[in-house]
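As recorded in Swiss-Prot:
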BINDING   LEU25, GLY26, GLU27, GLY28, THR29, TYR30, GLY31, VAL32, VAL33, LYS48  ATP binding site
COMPBIAS  359-374  compositional bias 'Basic and acidic residues'
DOMAIN    19-299  domain 'Protein kinase'
MOD_RES   THR29  phosphothreonine
MOD_RES   TYR30  phosphotyrosine
MOD_RES   SER168  phosphoserine
MOD_RES   THR174  phosphothreonine
Amino acid sequence: MASGDGGDDAGVKRVADRYLKREVLGEGTYGVVFKADDTKTGNTVAIKKIRLGKYKEGVNFTALREIKLLKELKDSNIIELIDAFPYKGNLHLVFEFMETDLEAVIRDRNIVLSPADTKSYIQMMLKGLAFCHKKWVLHRDMKPNNLLIGADGQLKLADFGLARIFGSPERNFTHQVFARWYRAPELLFGTKQYGSAVDIWAAGCIFAELLLRRPFLQGSSDIDQLGKIFAAFGTPKSSQWPDMVYLPDYVEYQFVSAPPLRSLFPMASDDALDLLSRMFTYDPKARITAQQALEHRYFLSVPAPTKPSQLPRPPPKGDSGNNKIPDLNLQDGPVVLSPPRKLRRVTAHEGMEVHMHRADRTEEHPSGARHMDDMSSQSSRIPMSVDVGAIFGTRPAPRPTLNSADKSRLKRKLDMDPEFGYTE
């Protein structure tokens with residue numbers, strides 16, 4: 001990889017000139033992603049241009065972490081980092097170009113996913129996770145738009161900016177990772193000591209999202225997110241999760257019994273439901289691992305996973321079609337009944353009881369910070385594999401990301417490697 005060491009500006013410029021930038025693919029807090037042509041190989045690549053900013057902001061450390069980890073993570077289900085070089089005050093990361101992502105597949109109403117298609121996507125996701133965990137790497141930002149899909153249909157884990165080496169039981173990490181809808185309950189309860197089980201919970205949420213064609217648990221706050229989880233799987237008992245009551249931000253919730261998993265995913269196979277239940281196990285110590293999940297009978301039973309090259313994919317960008325997805329989740333969260341800084345007992349809001357959506361008003365699938373638009377008529381609904389109105393209500397919430405407050409906290413508290421000059 002190009003480094004520009006020794007003040008070799010001409011050498012760095014030659015590396016930069018190798019790539020001919022085309023259109024912008026996306027823009028984030030720290031930089032821009034371009035589509036580009038590699039004049040040396042003739043391949044199309046994606047270049048992430050990162051604004052390095054001031055040293056104290058820590059942006060460059062996040063990029064260095066991603067570079068370091070991706071140099072070690074060479075696998076067919078993990079995005080390939082081709083090159084990295086500084087140029088004109090920015091750090092450029094060159095990745096293999098991927099046509100789309102799993103979120104686009106989920107949102108595209110013109111795509112019909114068969115059970116074999118879903119199985120294929122989940123298998124590739126778990127293969128990537130299993131490789132990361134084998135190398136003692138936590139991803140910590142699993143969500144559909146970080147699962148990229150290439151022209152050959154291959155799914156690959158991407159965006160390792162929050163990834164972390166794990167393994168030491170005494171090592172503390174920040175719990176402000178993952179977008180909220182994909183956070184495991186132990187993270188929502190404030191644990192700072194965790195392992196690969198947090199990635200598995202998020203993978204379970206993605207599995208559920210593929211089955212439902214919409215985000216599964218859409219909390220508007222951490223407490224509300226826990227309420228959504230407990231409404232779906234029941235309030236955990238100490239016998240299920242002995243360490244729960246010792247977590248830093250533990251909140252006692254009113255007991256709610258778990259509805260049958262079949263009622264949430266009526267179209268899923270028995271094997272799929274069994275795997276989901278193991279991925280959504282409350283106690284992280286008992287939660288299934290990625291390798292164990294790959295060996296689960298779900299992947300051995302018929303139908304066999306679809307070959308990646310035969311998977312349906314969304315149309316090119318700009319030809320979005322009708323990709324609006326109904327969303328039946330309730331934004332209101334459970335109510336905290338007792339004062340702060342004491343053991344808080346939380347009960348489910350009465351709005352989490354039966355509260356069905358009007359037939360002529362469905363909401364657009366949330367993405368980023370966009371507001372939701374009403375769909376035109378009942379005929380524009382897509383078939384849902386679960387009637388969740390009785391559990392989750394009706395009002396949509398915007399898809400969460402790591403917001404500015406989260407990022408500010410991460411800048412102060414990210415547990416960086418000592419070699420990057422950043423310690424906690």
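Cβ from N, Cα, C; glycine included.
Other Cβ atoms within 10 Å of the Cβ of LEU25 (ATP binding site) number 16 in total over all chains. For the binding-site residues GLU27, GLY31, the greatest number of Cβ atoms within 10 Å around a candidate Cβ is found at GLY31. The 10 Å shell around the Cβ of VAL33 (ATP binding site) contains 17 further Cβ atoms across the protein chains shown. Under DSSP, LEU25 (ATP binding site) is assigned to a strand (E or B) in the three-state scheme. The distance from the Cα of VAL33 (ATP binding site) to the Cα of THR174 (phosphothreonine) comes to 27 Å.
Counting every protein chain shown, 18 other Cβ atoms lie within 10 Å of the Cβ of THR174 (phosphothreonine).
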